[in-house]
Amino acid sequence: MSSSSYNPYKNNVNDRLINNSTDSFQDNDQGIPNNNDTFLSRIFGLNSIYNQLQDNYQYYDPEFDSSLNQQLQQSIQENDEAEDESLLPQHQQQQQQAAPMDLSIQDKSAKQKSKSSSLLNSDSDSDLSSSEDSYVRPNIPQIPSTPIETENQGSSSKIKFSIPQRAKNFVGKLHPHHEPTLPVYQTPQEFRRNLPQQQRASATVNTNYQRTRNNNRRFIIPPKERALYLWANITNMDEFLSDVYYYYRGRGLLNIVLSRGFDLIILIFILIFTVFLKWGIDYSIFFDNLHQEESKHITLNDMIIPNYFATIPLSIKFILFGFSVYILLRSVQLYLDYNYKLKELKNFYHYLLDVTDDELMTISWKTIVEKLMLLKDYNSLTSTTKSNNFSENHYVNDLSSKVRLNAHDIANRIMRRENYMIALINKDILDLSVLFMNEKSLLTKTLEWNLKLCIDNFIYNQQGQINGKILKEYNRNQLARELTSRFKLAAIINLILSPFIVIYFVLLYFFRYFNEYKSNPASILGLRQYTPYAEWKLREYNELSHLFNKRLIMSMGPANTYIDQFPKGFLVVNLMRLINFISGSILAVLVIMGILLEDENHSFWSFEITDGRSALFYISIFGTIWAITASSATGTSHESTISTTSQSSNSNSNSNAASTFVYDPEASLRYVAQFTHYLPSSWNKKLHTIQVKNEFCQLYCLKIIIIINEILSSVLTPFILWFKISHNSGNIIDFYREYSIHVDGLGYVCYFAMFNFEEKDKNMMSDLNKSKKRRKRMKNKMNKYGKTKMVNPISGKTVNSEIEMTKISKSESERSSDDESGNEQDYDNDEELDYLSYKKDDKMIKSYMYFLESYGGSKQPQPQPPQQQQHPQNQNQTVGGLRNRNPIQSIDPAIMTGNYYDQQSLNSSIYNINYKFDDSGLLQDETMNSSSRKKGGVLGMLNQFYKQDINR
């Protein structure tokens, strides 16, 4: 396909002028109002990412696009030159000077016709490895033509038209007798052949491949050609990559459609079933029949009220109408997504990535990224092939350079908004505390949804980039007022909808967890889950959702083991044992009597122990109480665990059975931290305390409490939005302005997501520089005093000054950081101390290391259980590897936790990693060549971060 290929649904964006300057793009973006996205439309999902069916790649019409067989293509291609020359009169030789500008442009493009081959014109089974100029270019804005003067002027050259191949094929198919075809471009009438009257009339109508009734045959593009066209004409790379990842997470077309369809069916069932139970059954018939002496046999049909929908209150009908509109919109959205997006994504996966839906169940995302990078030369935005056509303007949506496409950039595009949200929570920008409740319990899914609704639509534009007005400091106060008004509007809407939302959540959770509660009551009360606040706190930058969920699931087992090691309180444990014994005794008596007193004439199960309450009712009540208290009574304290262990150790049955459980909460928490990557310095030397356990339980909370908080949040969300979050509008604007950096080929992204360690002014290198100056100052003092004898003024003893200087250095470092005190005792030189200080409790470096592990590192060995402890000398061998380290080859557990001295008896930590990573394939981008690698990019960052170690 040539650069002027026809698009059945033209992009309006192609008609705009493309600014190569980023600043001018931002200024122009400020003046474009976003009237299509409103607050209510976001509530009902009208403008979600899977409902904004833009014109860039979603719409395809098989009536307009066709694929011809190879014989027809060859026959038409042989007559291409003859058709072009037949359009020109032979007697006019001097028309080139007065020719329109578009003809001269097409004359240049016709000379390069032999070098450019379209992916759409290739066979359906053709390979992707074509020539470097074979990718499809976006449409170039057409320059309007002007009439050509009719005067005869002498000229030695001919004017030649370059007709798009698809136009020739299509028109040639309509006219099988090889009649002269019409050029797509506007040309004077005198350059055209004298056509018959019937063909001339049809030519004036069919100008843009409009549907014709003369041809009864239906033309359909092969799926592979459609996939190639989809990829070659992508303009919004952020949205497309998000769709690709959404399809990967959904595990295929069928699974996505069925899951979304069944979710709607569940919602419909909840509404219909609830209304039927409340207004559709006359319960008085049942209770009146129970109190009558001669009870009649009644069925459910006798109790159903005919035409009960008319008796429903008007307010309930209004609520049902709102839910009906919501369900209708979601159904239409599902249909549009299936018809125009999901099917195209399926073709893209199957034909270009060579991944079927069945394979999506087991394939890794790393493999998908590798396959995506192989397609970069087939899209003009991502292609690194140099073009000699200087008149060609690539369609660039948010940048003035090539769109980068590697593992790091793909993750940044998919998680552009999530990275900002992670930084917002970790930097404590939002104040969510209300009265006695802290932010860890108040941040629920409902509040999180409202925050995204208010912030995302305000901060980001339609292309997914940061709004240019946010980056201007003089707009700060005005933007803060606008964001405050959005929070207050959301608070009003939530206040109106809160009663209905509460009812919906109560019914949803009741129907969802009742069966699980019935089968295992203790599982509901004892089951734990990470809170929404913990999910944002523990998530790393550029960590996709499936990788994050994998980490959380792997940490749940060790987390439960860690919590169970703490005593639950003597009063609670003994009270549970008492209740369990009493309820179990009553339950046993009732069950035995029911078995013994059962005969044909009498049934003990229907015997009323109290008025209106049978024995079966009390059996179910006491059985539930016994099941709940049984799980709590078994969780005894530390002393009972030790006594049980000692008793089992005295037995000769199995001497090793006593050592299966070791009470060591400190080692257990470090083992949990290997999965959560969360072990703050405030927990240092306190890992065995109840205080740390309570703080961890705020992140890993009981599921029943999370459900209660979710229901209460529906009532508290309006007040939090109005009185708390609205006062943080200025801080939110400042955060997005200060922590947004522009990357060529990527746009504006969160600072922490770029892993740029060269910046020294954003809490990355300040502590390291301070520690360097402090140690240099102390080293000068030591050199000044030497190893002379001096008297300690406190003890009065003569000591070595070198030892005293070491103590002074240690005490001074303790005032700045507790973590450095332990490290200074175990390392000999300042370089290793600098390295450890740099690693101190830094989320960005943790995210970077985990990113390397996920996308390119060698297979990491599974974390060892905390019972397998090493001696201090073994750890010294591990630390010694740092002295001869290569980039990311050996990371000691003490590096990430910050206190090595406190960890000499333990080998578990946040990271017990042996990285052997070569990122030359995945993290390398061909667009960042020459000198740009020295200052930016992942490889440049690695060189900058480890250049001192390599030179050493």
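From the backbone N, Cα and C atoms, a Cβ is placed for every residue, glycine too.
Here Swiss-Prot flags 1-33 (among others) as region 'Disordered'.
Taken from Swiss-Prot, the feature topological domain 'Cytoplasmic' covers 1-260 (among others), and the record attributes it to a curator's inference.
Annotation comment: Swiss-Prot describes 69-159 (among others) as region 'Disordered'.
Here Swiss-Prot flags 115-133 (among others) as compositional bias 'Low complexity'.
According to Swiss-Prot, the feature compositional bias 'Polar residues' maps to 142-159.
Annotation source Swiss-Prot lists transmembrane segment at 261-281 (among others).
Long-range contacts of the topological domain 'Lumenal' (282-308) within the same chain: residues 276, each at least 6 residues beyond the stretch ends and with a Cβ under 8 Å from a Cβ of the stretch. Positions annotated as topological domain 'Lumenal' by Swiss-Prot, on the basis of a curator's inference: 282-308 (among others).
The annotation transmembrane segment is assigned in Swiss-Prot to 309-329 (among others).
Residues annotated as topological domain 'Cytoplasmic' in Swiss-Prot: 330-490 (among others).
Remote same-chain partners of the intramembrane segment (491-511), defined as residues 6 or more beyond its termini with a Cβ less than 8 Å from a stretch Cβ, comprise 39-40, 43, 270, 274, 319, 322, 446, 450, 707, 710-711, 714-715, 717-719, 721-722, 726. Per Swiss-Prot, the feature intramembrane segment maps to 491-511 (among others); the stated evidence is similarity to another entry.
Taken through DSSP, the topological domain 'Cytoplasmic' (512-577) splits into 49 helix, 3 strand, 14 coil. Among the features that Swiss-Prot reports, topological domain 'Cytoplasmic' is placed at 512-577 (among others), with the record citing a curator's inference.
Feature annotation from Swiss-Prot assigns transmembrane segment to 578-598 (among others).
What Swiss-Prot lists as topological domain 'Lumenal' is 599-614 (among others), and the listing cites a curator's inference. The average pLDDT computed over the topological domain 'Lumenal' (599-614) stands at 76.
The annotation transmembrane segment is assigned in Swiss-Prot to 615-635 (among others) on the grounds of sequence analysis.
The topological domain 'Cytoplasmic' feature in Swiss-Prot is assigned to 636-702 (among others).
The annotation intramembrane segment is assigned in Swiss-Prot to 703-723 (among others). If you look at the intramembrane segment (703-723), the same-chain residues 6 or more away from its ends with a CB under 8 A from one of its CBs are 432, 434, 441-442, 444-447, 450, 454, 487-488, 490-492, 494-495, 498, 501-502, 505-506, 509, 513, 524-525, 527-529, 531.
Nonlocal intrachain contacts for the topological domain 'Lumenal' (599-614), taken as residues 6+ away from its ends with a CB within less than 8 angstroms of a stretch CB, comprise 593. Packing against the transmembrane segment (261-281) from elsewhere in the chain are residues 300, 303-305, 308-309, 311-312, 316, 320, 323, 327, 330-331, 334, 504, 507-508, 511: each is 6 or more residues past its ends and has a CB under 8 Å from a CB in it.
Using DSSP to sort the residues of the topological domain 'Lumenal' (599-614) gives these counts of helix, strand and coil: 3 helix, 5 strand, 8 coil. For the transmembrane segment (578-598), the residues of the chain that approach it from at least six positions outside its boundaries are 604-605, 615, 618-619, 622-623, 625-626, 629-630, 632-633, judged by C-beta separation under 8 angstroms. Within the topological domain 'Lumenal' (282-308), the DSSP-based counts of helix, strand and coil residues read 14 helix, 1 strand, 12 coil.
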